[in-house]
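Working notes for the structure below.
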Amino acid sequence: MAASTASHRPIKGILKNKTSTTSSMVASAEQPRRSVDEELSKKSQKWDEINILATYHPADKGYGLMKIDEPSPPYHSMMGDDEDACRDTETTEAMAPDILAKKLAAAEGLEPKYRIQEQESSGEEDSDLSPEEREKKRQFEMRRKLHYNEGLNIKLARQLISKDLHDDDEDEEMLETADGESMNTEESNQGSTPSDQQQNKLRSS
């Protein structure tokens, strides 16, 4: 019986039948139309941005930021009045020397504008501070001016170096003259009698 049942069944080959492939092609043609949206949704990710913002960047989170109170740098920006001064400097090339000399003589006694503005602005800021804070701020600004005045420091350093070198030269000259005098006295002592040597010692002391 086993042989009879095997003969009734058709033998299947490895290759697909033409009828099965055409039916699958018709089915697959209908599927892409429906599944294009499904495939795109599978391949792409949708982000819930509101949820991400709420999770990672909440409104009450401080991020560890803190306010830093630093003193203002000693930089003096040019104000509106100084723009005219810049224009004047551009035209100085065509200006006559005598006119320039008159302007310099007139401006010699005046204090620079940025210093005047700095003093006015510091007066406004100091009114909000307590006396202790004003004194502390004044001392700080004084120390900062000393620190940033490098030109003066360089001049002082050069003067000190030249003074040290001059002192060293004088010391060397004094040593040379002292050595020369001692050699002269020794030479004179060699040619003299012991009584003359005693007299020279008494004179030198």
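Cβ coordinates come from backbone N, Cα and C, glycine included.
Swiss-Prot marks one residue of Ser35, Ser127, Ser188 with the annotation phosphoserine, and that residue is Ser127.
In summary, of the candidate residues Ser20, Ser122, Ser195, the record from Swiss-Prot lists phosphoserine for Ser122, whereas the others have no such entry there. Checking Ser121, Ser182 against Swiss-Prot, you find phosphoserine recorded for Ser121. Annotation note: Ser130 (phosphoserine) sits in a coil segment as assigned by DSSP.
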